[in-house]
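Quick notes on the structure that follows.
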């Protein structure tokens, strides 16, 4: 079997730990029964012997396969990793979702996406990345009593993601340590109102209002202070056609949304200014992970 798992961008400004969306940038995993277990990694992480020895995908896959079948079996697993590590593009969620969905498939169970999502929350407690990795689209999600409740809005082909990917990683754990334990009433109300407004803008396709809707007062600027160039990324993006410019997850990548006809000009402007960073254009994914038989 083969599985494709999309990259994701979470928070989207004010939707801290609640909002996310899916990009057409995929990791793929091919799994087949084998006489002996083997692992091959291509792309991101291919030069890491530690990743092969301490592979989170394998750990989760084997745990769930054993839970479902009561036995261990040998598999040949080939990873094609395209999602950058520790750049705020959901590489960890792709691993978790991919491992769970693959384990159910190889064990002979046709798990619904709801089952996969609720299993994934055990390993990743924030639903804003795992939900779009499962369902695709723009997602608003909450967790209640261990269950994930997620609503999806399909994203239009009229808009594109222009993603700035710095060469400096930022781990979610260290990025969270920057944040305060308490927030003011003003900060909380700002993010509640803007997250609600942002969701309605995507639903109504009012992309012209995304810049207003995506204002955050809780986490972005605090996190961006670890990589000062990100403030300039946002400035250049808005000067060159971006509808919305937000930190992707905990960073260090920056998500810029533009009309498809403006995306190339925006990419060129960002590349010209930030030559050391990758700047890529992606379509939005509305499907989430997909399994096919090889």
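Each Cβ is built from the backbone N, Cα and C atoms, and glycine gets one as well.
Long-range Cβ neighbours of residue 90 (ATP binding site) (same chain, at least 6 residues apart, Cβ-Cβ under 8 Å): 6, 7, 8, 9, 10, 20, 83, 129, 132, 133, 249. Swiss-Prot lists 84, 85, 86, 87, 88, 89, 90, 91, 92, 93, 94 with the feature ATP binding site, giving sequence analysis as the kind of evidence.
Taking the Cβ of residue 92 (ATP binding site) as reference, residues of its chain lying under 8 Å away and at least six apart in sequence are, in sequence order, 56, 124, 129, 172. Comparing local CB density within 10 A for the binding-site residues 84, 86, 94, the maximum falls on 94. Apart from 84, 85, 86, 87, 88, 89, 90, 91, 92, 93, 94, the ATP site neighbourhood in this chain, defined by C-beta within 8 angstroms of the site C-beta centre, holds 7, 83, 249.
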